[in-house]
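Asker: So TrEMBL lists these for the protein:
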TRANSMEM  49-67  transmembrane segment
TRANSMEM  79-98  transmembrane segment
TRANSMEM  105-124  transmembrane segment
TRANSMEM  130-148  transmembrane segment
TRANSMEM  160-178  transmembrane segment
TRANSMEM  184-203  transmembrane segment
TRANSMEM  215-232  transmembrane segment
TRANSMEM  252-276  transmembrane segment
Amino acid sequence: MFTMVEAFDIDEVEEDPFADRNISVFYEQIKQTYDILHYTAYFTESIKLILSILSIVADTCIITIIIKNRQLKTNTNIYIYILHYSVWHIVAITIFPLFRELCHLLNIVHIFLIMLYYYCWKIYIASLSLIFLFGLCLAFDWFLNIHIRSPQFVKPSALFNKYAIYLIYIFAAVFNTIDQFVNTFGIIGFYILVVLPLSLFNFLDYSSKNKESNLKNYGLVLSNIIVFFWLPCFVYDKLLMWSFGSFTFHSIVLYTIFLSQWLSLSVSLVLIVALVRMDVDIKVAMLKIFNRRSGSSKDDVEILEDGENEDVPNRMGIDSNGV
């Protein structure tokens, strides 16, 4: 039998997990990595600023086109979701990021700024939750109005088209209220709940034998762009924590994390390119906005408008090649 002294011999029972690791050397290597990142940040942050400005321009163009173009009124709410997405995307990439950079540049620590920083962060999280919900509703719109063609789903589809926009804001308000007091769910868990049904919709689209429906996955393509372009940001956020014990792995994550940030900032740019390729009305409106004074572009607009009038059913011209 063990004696009491033998049973509680700490030197034999427990071992220091960092006994074989020189912590001072590890932190010195990490410090060198951050010194390198300090200089590369001038390039990566400049690209982020350019992408932010271009994204705001793209969102502004989307908002302007949808508001002014009456031909975009359809029997679904696709453009309503895109319109609201663009508004909240501008909020998401301006308020909190700009305030954060301002605090960083001024290097001011004040209780008022800390409180303002906190509320800007909450606005940022609320904006992201709305962005993901609008992206998911685009997929639901595709599922109810395009993928399923059954008389049994006519009423659910009509109810969805009528009340979905209100349910989005109600659901986002409930989520942010719960997160305010409980703070256990988080935006990452919310994102997972959005990704799961969207992945299911993509599987249904991929396995569908109805080729016509695959050529009309308009809302699903836009939904994938809005939602999945944010996936690397959440993956890198977890990798930063998981890789901290390994200098090599952690350094690789730190050196490449800007790629996920660039991708998330380019959502609206890819979205407007997809809209131009897949919808004739958007293409015509873009030509009118950027080439009003060009005679050749006016001819192109007239050709597109004539082609559109001749082929009304293909107004939401789905490109079989996709995006």
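Here the Cβ of each residue, glycine as well, is placed from N, Cα and C on the backbone.
In TrEMBL, annotation is done automatically, which means it is predicted and not curated.
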Asker: Of the listed stretches 49-67, 130-148, 184-203, 252-276, which one has the most C-beta pairs under 8 A with the transmembrane segment (160-178)?
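Answerer: The stretch with the most contacts is 130-148.
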Asker: For the transmembrane segment (79-98) and the transmembrane segment (252-276), check the count of CB pairs under 8 Å (sequence separation 6 or more) and say whether it reaches 3 or more.
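Answerer: Result for the transmembrane segment (79-98) with the transmembrane segment (252-276) is yes.
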Asker: To the transmembrane segment (130-148), which of 184-203, 215-232, 252-276 is linked by the most Cβ pairs under 8 Å?
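Answerer: Comparing 184-203, 215-232, 252-276 against the transmembrane segment (130-148), the winner is 215-232.
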